[in-house]
Amino acid sequence: MAAPMMLARQALRLSSRVRYFSSTAARPAAEVKRLGVVGAGQMGLGIALVAAQKAQVPVTLVDSSQASLDKGLAFAEKLLAKDVSKQRITQEQADATRALLQPTTSIDDLSPVDFVIEAVPEIPELKFDIFAKLAEICPKHAILATNTSSIPITRIAAATARGNPNDTSNSSRVVSTHFMNPVPVQKGVEIISGLQTSPETLDTAIEFCKRMGKIPSVSADSPGFLANRILMPYINEAIICLETGVGDRDSIDAIMKNGTNVPMGPLQLADFIGLDTCLAIMKVLHTETGDSKYRPSVLLRNMVDAGWLGKKSGRGFYEY
Ligand code: NAD
């Protein structure tokens, strides 16, 4: 079947919630009593903190590195202290939130969770291994969610099938909850179903994200999902405009900022995201779709080759 036709069918199934496969034992989001988060980095820490604060569930926070756990929890305490000083929350509320965060370096401690969100680095084999483990460790009703930016959910779900793709008892519980950075600030979250994901899993993921105070958008399992599929070609086109002399840096950023009411122009935004990340996502869109409209800009490639990655390296389209 042609790819556009397959996607149209997948989208139709998403909208009508009709699926090919049987239901799983996923429970309603209200029954999510304990969350697990794997990876206490930039995203995982934010997810754990918001879940503790808004959904008020205990969170088992797993990281293979004790140093990452220490750094993450110190950052969480700093954010909570700032909220107290600005009188957004009381000291008691901050203490209650902090007490809900339970750090560990052992993934086996996820055995009592009802919902787990994986946020380890974007390395396919690492995520496949972790999902195979989660399928074994977590209870059979637990939802297994990933925060991946670019790896197909269907591929991650397949890693839980123990070599038998027809056994969907684990893969139907896999879904993506793709939070936006920084998690405590950004309200949007993309919820992505793989081909194997059951409607109950999708519903539970949507409802749990709402309990976390987020506004979910549902996307099909397609390269870049929704946010990056729309955002990255916009940034890439702005870089092509610079590269081909259609406008200079300040004109490009000023017209988008002042003409479309966004807080920063596309070149400054690219610097904040990281030019290496922008290039990696454009490459995924280009190779996975085979569509030339996603060709990464030559200037973007050159800047990454030069090590000018944006804010994090001190130089990108701007100097920091
Ligand atoms: P990060 O590098 O800040 O954090 C990853 C954490 O995972 C680290 O603390 C690391 O010690 C830990 N880790 C590594 N291997 C592990 C293992 N086997 N078991 C447990 N912990 C392990 O990464 P991040 O920026 O938080 O990104 C995490 C995920 O979120 C990635 O898939 C990324 O694509 C996605 N994402 C990132 C952003 C962003 O802006 N940073 C936005 C949306 C989605």
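Yeah, the Cβs are placed from backbone N, Cα and C, and that goes for glycine too.
Automatic prediction, not curation, is the source of TrEMBL annotations.
Features as listed in TrEMBL:
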- Gly39, Ala40, Gly41, Gln42, Met43, Gly44, Asp63, Glu122, Lys127, Ser149, Asn181, Lys312: NAD(+) binding site (BINDING)
- 35-219: domain '3-hydroxyacyl-CoA dehydrogenase NAD binding' (DOMAIN)
- 224-320: domain '3-hydroxyacyl-CoA dehydrogenase C-terminal' (DOMAIN)
- His178: site 'Important for catalytic activity' (SITE)
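Shown on the structure are the features that TrEMBL records.
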residue : record                                  : DSSP class
Gly39   : NAD(+) binding site                     : coil
Asp63   : NAD(+) binding site                     : coil
Lys127  : NAD(+) binding site                     : helix
His178  : site 'Important for catalytic activity' : strand
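In the structure shown, across all protein chains, Gly39 is the one of the binding-site residues Gly39, Gly41, Lys127, Asn181 with the greatest number of other Cβ atoms within 10 Å. Taking every pair among Gly39, Ala40, Gly41, Gln42, Met43, Gly44, Asp63, Glu122, Lys127, Ser149, Asn181, Lys312, the residues listed as contacting NAD(+), the largest Cα to Cα separation comes to 25 Å.
Other Cβ atoms within 10 Å of the Cβ of Met43 (NAD(+) binding site) number 22 in total over all chains. In terms of DSSP secondary structure, the domain '3-hydroxyacyl-CoA dehydrogenase C-terminal' (224-320) contains 67 helix, 3 strand, 27 coil. Residue density at His178 (site 'Important for catalytic activity'): 24 other Cβ atoms are found within 10 A of its Cβ, drawing on all protein chains shown. With a cut-off of 6 Å between Cβ and the nearest atom of ligand 1, the binding-site residues Met43, Lys127, Asn181 reduce to Met43, Asn181. On its own chain, Asp63 (NAD(+) binding site) has Val38, Gly39, Ala40, Gly41, Gly44, Leu69, Gly72, Pro103, Thr105 as residues at least 6 apart in sequence with a Cβ closer than 8 Å to its own Cβ.
Confidence across the domain '3-hydroxyacyl-CoA dehydrogenase NAD binding' (35-219), taken as the mean pLDDT and rounded to a whole number, stands at 96. Taking only the Cα positions, the spacing between Met43 (NAD(+) binding site) and His178 (site 'Important for catalytic activity') is 10 angstrom.
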